[in-house]
Amino acid sequence: MFKGSCVALITPFTEDGVNYEELRKLLEWHIKNHTDAILVCGTTGEGSTMTLEEKKEVIKFSVEVVNKRVPVIAGTGTNNTKASIELSKYAEEVGADMVLIITPYYNKTSQKGLYAHFNAINDAINIPIMLYNVPSRTGMNITPLMLDKLADLNNVVAIKEASGDLSQVAKMAELCGDRIAIYSGNDDQIVPILSLGGAGVVSVLANILPEETHNICEKYFLGEVIESRNLQLKYLSLANSLFIETNPIPVKTAMNLMNFNCGPLRLPLCEMEDSNLVILEENLKANGLIK
């Protein structure tokens, strides 16, 4: 387990594959700038448009480069239980510290089916599982009562909670906060979720402000709550600008503007609208990230 900021890392692409030279640079940059954990092949990493072999290679490569300096979390969840198990087993074999398992999407199931999905994955592997709840993308919600049940599975140790519903997070904390670590899945709710006993954030913002996102959490844990809140608010407009279009379109655009060689988005994701690009650039300039 970790406390603090986990970057939901973008995947740098070339026109025909993954840019491993740039990926290595990003991994080293995050460690240098105090990122507390690194998630690869998640939503922000465009995992849904990567081939199985690309995912496997990115997970293996990242584990080798990071070399236990911080935890590496592998995004291995799909809407196919068998496929999720296969990739999760691979992540375990190559040394990932944890897997992130999203709720099934498109072929939405019942709460009973949701439990069966996570239970099957839990029984197939022997490394920690972080659940991922993002109903706006999947059409499915892990309810507090369901999380209370899932928290009894031996490998389920955490949840990335991106419902945006603080009342739901509070109920989760009440029911099973002593058995499962709750991480904010939204950069605009880091401090509110920390105040409910949260363990940190799985962050898009950390792609461009790794140390600052780490500091939001670190100051809170040190009891410097006002300073933590002030940092949350200082970067609020910038964080929101990263969602002016579908994530990860803005953050990958931002990183290329910041002279990282992150390459293109993969269809169906596409370039930003000009009007939104102006807003993103204004926020990057206001925070000294571009000239």
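Glycine is treated like the rest: Cβ placed from N, Cα and C.
Feature list (source: Swiss-Prot):
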type	residues	note
ACT_SITE	Tyr132	active site, proton donor/acceptor
ACT_SITE	Lys160	active site, schiff-base intermediate with substrate
BINDING	Thr44, Val202	pyruvate binding site
SITE	Thr43	site 'Part of a proton relay during catalysis'
SITE	Tyr106	site 'Part of a proton relay during catalysis'
Among Tyr106, Tyr132, the one of these recorded positions whose Cβ has the fewest neighbouring Cβ atoms within 10 Å: Tyr106
Those recorded positions of Thr44, Tyr106, Lys160 having Cα within 10 angstroms of Tyr132 (active site, proton donor/acceptor): Lys160
Protein Cβ atoms within 10 Å of Thr44 (pyruvate binding site), excluding its own: 24
Distance from Lys160 (active site, schiff-base intermediate with substrate) back to Val202 (pyruvate binding site), taken between C-alpha atoms, in Å: 7
Recorded positions listed as Thr43, Lys160, Val202, least Cβ neighbours within 10 Å: Thr43
Separation of alpha carbons, Thr43 (site 'Part of a proton relay during catalysis') and Lys160 (active site, schiff-base intermediate with substrate) (Å): 12
Residue pair Thr43 (site 'Part of a proton relay during catalysis'), Tyr106 (site 'Part of a proton relay during catalysis') - Cα distance, angstrom, rounded: 15
